[in-house]
Structure formats: C-alpha cells, structure tokens
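Engineer: Take a look at this one; I'll ask things after.
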Amino acid sequence: MSVHIEAKQGEIAESILLPGDPLRAKYIAETFLEDVTCYNNVRGMLGFTGTYKGKRVSVQGTGMGVPSISIYVNELIQSYGVKNLIRVGTCGAIQKDVKVRDVIIAMTACTDSNMNRLTFPGFDFAPAANFDLLKKAYDAGTEKGLHVRVGNVLTADVFYRESMDMVKKLADYGVLAVEMETTALYTLAAKYGVNALSVLTVSDHIFTGEETTSEERQTTFNEMIEIALDAAIQQ
C-alpha cells in the first residue's frame, strides 16, 4: 500500500495502462479485460487488474497534468514494481497534416513545465520513449490500418493558454501535438530504469478548430486502447 494507491502487493501487473480519467480506466477494464478486480479507489482514482488475451494487465487513472501523473507513476514503480507504463489519452494537433482521429505515438516530449529543471539546473533533459514499446505499438496500429504518427509532443502545464505564440513556434519545429503528461512519464521511467510510452488520439486541432464528435472520440479511443494493450502484453 502506498500513499495514494491502496493495492496489496501482487495486485498490480507489471504492465499498466495510464488514462488520465479514472472513468476511462473503468471503461477500459470493463470493455477490454477479463477477470477484472478493482484494487484502488483512493480519491476516486480507480485502478483495475485483469487479463487481456490471457496476460495480466492493469489500468490506473492518473489525473491531469505533470504533478498528478508523477505521483502515480512514482508509487506504481517504487511501491509495486511496475515495469511497463503506457499512457493512453487525447491530444490537440498543431501540424497541418495531422488530422483529428489520427493516432500519435510520442517519441519524446518537450515541455514548459519546470519539473526537469528542478532536477537538472541549467540543463534541458530530453526524455524519450522506450523503443521496443514504441515499435510494438506502431506495428499494432499500422496492422489495423490506422494513420499512426510518431514524433515530438508538447507536454503543457497550461490548458487555457493566453498566447499561442510559443505553440506556433513549436509547430514550426515539427512538434505534432499538445498534451499534459508525457514528459513526466518518460522522465520518471528514465530515472527508475523502466519502460514507458504515450499513445494518443487527436481529439481536436488547436489551430483549425476541427473537433471530433463524441462518437468519433469513442471509436478512436477504442482503437488506441487495443494498440496499447497489444504492445503491453508483448513486452
């Protein structure tokens, strides 16, 4: 048992999916997993373990933003020995050729968060995904005929941004999309020597205003979850 997770030892699998929304964690468990048990309800941040294609997998809500996901990733690794962590969530596209419903796999993540500068004063640490997980997820996506993009994303500390100037500059440098957690996940995975990946669906385009319908979001979300689960059980 840790501060924010009430699971007993052995109740959490070595491979885990990390949606921000705890209700998405519940949806994933109920829709994709078999023999499901709920191991956590502290602060309503639900966690479940079950099997997918006969292999144990867990799913844990993390909340939104760098501070929140950092809490859960630290505890999952340090207290429960989790080895493979895959964030599943949504993002906003900032490239013209990235469309809503595309799947983005984050190879790395730049950020406006000060998280890493507190650890590396005067340096810009560049956290990266685990290549084996990335390749497995990419292959799973392309086999399903999905439009999968691999590249850099922005992990933002601010959701309601007053100025988009920096986001536009990052787009000029090839950043694909904006989300709020990947930098923290990849940095902590590097610190503890475990494997991490972010698989994201494009829910909207920040510059064009294009958005997905709720039905489109759910369909694309399901495809993303299958990609993540297929990668997780092969690791």
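Keep in mind that glycine also has a Cβ here, set from the backbone N, Cα and C atoms.
The annotation purine D-ribonucleoside binding site is assigned in Swiss-Prot to H4, E162, E179, M180, E181, S203, D204 on the grounds of similarity to another entry. Among the features that Swiss-Prot reports, phosphate binding site is placed at G20, R24, R43, R87, V88, G89, T90, with the record citing similarity to another entry. If you look up Swiss-Prot, you'll see D204 marked as active site, proton donor, on the strength of sequence analysis. Sequence annotations record features per position, and here Swiss-Prot assigns site 'Important for catalytic activity' to R217 based on sequence analysis.
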Engineer: At the Cα level, what's the spacing in Å between E162 (purine D-ribonucleoside binding site) and G20 (phosphate binding site), rounded?
Structural biologist: 24
Engineer: How would DSSP class E162 (purine D-ribonucleoside binding site) in three states?
Structural biologist: coil
Engineer: Provide the number of Cβ atoms within 10 Å of the Cβ of E162 (purine D-ribonucleoside binding site), excluding the reference atom itself.
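Structural biologist: Other Cβ atoms found within 10 Å: 6.
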Engineer: To the nearest whole angstrom, what is the C-alpha distance linking V88 (phosphate binding site) and R217 (site 'Important for catalytic activity')?
Structural biologist: 13
Engineer: On a C-alpha basis, identify the one among G20, R24, R87, G89, T90 that is nearest to D204 (purine D-ribonucleoside binding site); the candidates are the binding-site residues.
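Structural biologist: It is T90, whose Cα lies nearest.
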Engineer: Which whole-number value in Å describes the distance between the Cα atoms of R87 (phosphate binding site) and E181 (purine D-ribonucleoside binding site)?
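Structural biologist: So the Cα of E181 (purine D-ribonucleoside binding site) lies 8 Å away from that of R87 (phosphate binding site).
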Engineer: Ranked by the number of other Cβ atoms within 10 Å of their own Cβ, which of the binding-site residues E179, E181 ranks first?
Structural biologist: E181
Engineer: Any idea of the Cα spread of the phosphate site, G20, R24, R43, R87, V88, G89, T90, as a max distance in Å?
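Structural biologist: Overall maximum Cα spacing for these binding residues reaches 22 Å.
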Engineer: With every protein chain in view, what's the tally of Cβ atoms within 10 Å of the Cβ of M180 (purine D-ribonucleoside binding site), excluding that atom itself?
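Structural biologist: A count of 25.
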